[in-house]
Amino acid sequence: MFEEFVLAASTADLSEEPAAREHADAVEFRMDLADAPLDQLAAYDGDLPLLVTNRASWEGGEADELGRYDALSDAIGHEAVAAVDVELAALRGTHPDAAEASHATALREAAREQGVEVVASVHDFESTPEPAALVDLLADAASEGDVGKLATTATAPRDALAMLEATHEATAAGHRVATMCMGEAGRHTRAVAPVYGSKIGYAPVDAADATAPGQYPLATLRRLVDDLRGGDAEIPDGD
Ligand SMILES: O=C1C[C@@](O)(C(=O)O)C[C@@H](O)[C@@H]1O
């Protein structure tokens, strides 16, 4: 599903799907922020495909450490679930708890068997490293999942520029990536990174329900991305 840019309406409430439909290509269901997420999934009869995320507390979310994998394994069995987010640190085995790696890789295998794509994700809530370090992270993430996703925190224009440069480099090197900077200084990267190859955008239907700092509301991000990418026009490859 990530060959073309996918705009995901990020929400903890699947009853928002009809409101998202006009502007979004998918729904990111933040299970860690949701009430009774498995019940919501069982009742889901919307049109948009779901990307399920059960963000670990050690990566800025609210899900139980290892318990979150059980819920994700159930979730990927649902027809509407097209993709699952798994933290890169777990997939790579760099998280101190070795059980993270075995759970994460088993989940990835189950996802692949069921035709569910894997978004391998990295978040930095403090800063944005230099472009070369960002490209390395993106290459690692893209090699562990079907898409490598990187969200860092921008506190100055140079951070946003670093992310855009890394997005371009990683895409030119053939990696499928999704990128964005969190925070006010990085807000515009959410609209501009897709021009450089980023394959996923995240936005709340309602600005008040943002799932990360600096997100645009859904309708705004749709308009900005479409305007900047020129609709269906091909973006030229190369430098
Ligand atoms: O990882 C991401 C990206 C994100 O953090 C953002 O910055 O838009 C929002 C999260 O809901 C999502 O899981």
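Positions of Cβ are set from backbone N, Cα and C atoms, glycine also.
Bear in mind that TrEMBL entries carry predicted annotations, made automatically and left uncurated.
According to TrEMBL, the feature active site, proton donor/acceptor maps to HIS123. According to TrEMBL, the active site, schiff-base intermediate with substrate annotation covers LYS149. Taken from TrEMBL, the feature 3-dehydroquinate binding site applies to GLU28, PHE29, ARG30, ARG55, ARG190, THR211, GLN215.
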CA pair GLN215 (3-dehydroquinate binding site) / HIS123 (active site, proton donor/acceptor), Å rounded to integer, equals 15
Including all protein chains displayed, how many Cβ atoms other than that of LYS149 (active site, schiff-base intermediate with substrate) lie within 10 Å of its Cβ?
26
Restricting the binding-site residues PHE29, ARG190, THR211 to those with Cβ under 6 angstroms from ligand 1 leaves THR211
The residue listed as 'active site, schiff-base intermediate with substrate' to ARG55 (3-dehydroquinate binding site): how many Å between their Cα atoms?
13
If you count other Cβ atoms within 10 Å of each one's Cβ, which of the recorded positions ARG30, ARG55, HIS123 has the most?
ARG30
Filtered by Cβ under 8 Å and at least 6 apart in sequence, the residues in the chain of ARG190 (3-dehydroquinate binding site) near it are MET180, CYS181, GLY201, TYR202, ALA203, GLY214, GLN215, TYR216, LEU221, LEU224
HIS123 (active site, proton donor/acceptor) sits from ARG55 (3-dehydroquinate binding site) (Cα to Cα, rounded, in Å) at a distance of 11
